[in-house]
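Notes to accompany the following structure.
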Amino acid sequence: MNSGKILIVSSTHGNEINPVWSVNQYSKQGNIIDKNIEYKFIIGNPLAYEKGCRYIDKDLNRSFNLIKNNHDTSIYEIRRANFLVEKFGVNGSEPCDIAIDLHTTTANMGTSIVMYGRREKDFCLAALLQHKFGLPIYLHEKDEKQTGFLVEAWPCGLVIEIGPVAQNFYDPKIINRFLIIISSLREEINKLKNKQKQLPKLVIVHVHQGSIDYPRGEDGNINALIHPKRMNQDWKPIKKGDPLFMDMEGCTKSYNGKNTLWPVFIGEVAYKEKNIAMSYTKKEVINLPTQICEDFFN
């Protein structure tokens with residue numbers, strides 16, 4: 001970390017409003033700056049936030065792979081992605097070393113961490129939070145249909161995902177969880193920097209394997225919904241024969257695979273347009289070399 005600044009992004013999706021309230025409350029309490037690390041707060045997609053919609057033209061959190069040499073100013077989210085990188089990127093006018101992207105979900109994900117790829121500094125931050133709070137980690141990788149995430153535009157970054165909460169609905173419990181994470185993150189980094197804390201030797205992650213669409217008829221319309229026994233069961237294993245969907249006649253469509261899966265984002269409202277009913281993962285234990293802590297501040 002060279003600048004000692006961390007970018008905290010809220011409302012990357014405009015209808016996820018609890019993070020905005022959280023950072024405003026945190027700021028008013030005088031917690032923006034300490035002697036070691038400075039937080040920079042920004043609303044990711046302010047126009048979508050004003051309108052209460054997820055995005056204007058395109059999902060901002062799928063736009064950061066499109067900004068290089070892209071001069072199409074007609075797409076609001078690409079303009080916004082360019083602005084964020086030009087201002088807060090490592091070579092920007094107000095450079096930040098780390099980006100933390102705050103999100104809410106309608107799925108029963110609890111408080112969780114999302115990582116994109118296997119960058120060592122990301123593992124370092126994720127391990128600190130998992131060790132302190134026991135948070136599950138969703139490692140999203142190797143999905144060609146899902147790319148261009150905000151935190152990938154910084155050398156280190158994580159998504160904090162909290163749910164369930166409805167879109168455009170304030171929930172004090174959700175807000176409080178964000179406040180705890182925002183406060184604790186800086187404390188943990190300071191402890192690590194001052195050699196007051198050791199990195200855990202391992203981290204447990206749920207590695208993305210793919211996504212499942214709703215069953216559909218020949219007309220392309222959804223003809224079965226998530227099974228009642230599967231709803232709200234994020235992070236809980238699915239084994240062969242377990243129910244996944246139920247159609248209008250009450251018939252169950254079950255999982256027929258051999259391997260145990262761990263589902264995430266079950267029934268996420270925003271993913272319906274992406275033809276995703278849920279994503280599924282496998283568990284992996286990753287050993288963390290002590291060297292990544294030393295490299296974190298270089």
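Cβ atoms are placed via backbone N, Cα and C, with glycine included.
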Same-site Zn(2+) binder from H103, H131, given that Swiss-Prot records H13, E16: H103
Message: Just to confirm: which same-chain residues, 6+ apart in sequence, have a Cβ under 8 Å from the Cβ of R54 (substrate binding site)?
response: H13, G14, N15, A48, Q167, A270
- prompt: If you count the C-beta atoms lying within 10 Å of each candidate's C-beta, which of the binding-site residues E16, E161 ends up with the smallest number?
  reply: E161
- line: Same-chain shell around substrate excluding R54, N61, R62, E161, Y271, C-beta within 8 angstroms of the CB centroid, reads T12, H13, D59, H103, A270
Task: Return the member of N61, R62, E161, Y271 nearest to E16 (Zn(2+) binding site) in space, with distance defined Cα to Cα and candidates limited to these binding-site residues.
output: E161
- prompt: So which one is it: of the binding-site residues H13, R62, H103, which has the fewest other Cβ atoms within 10 Å?
  reply: R62
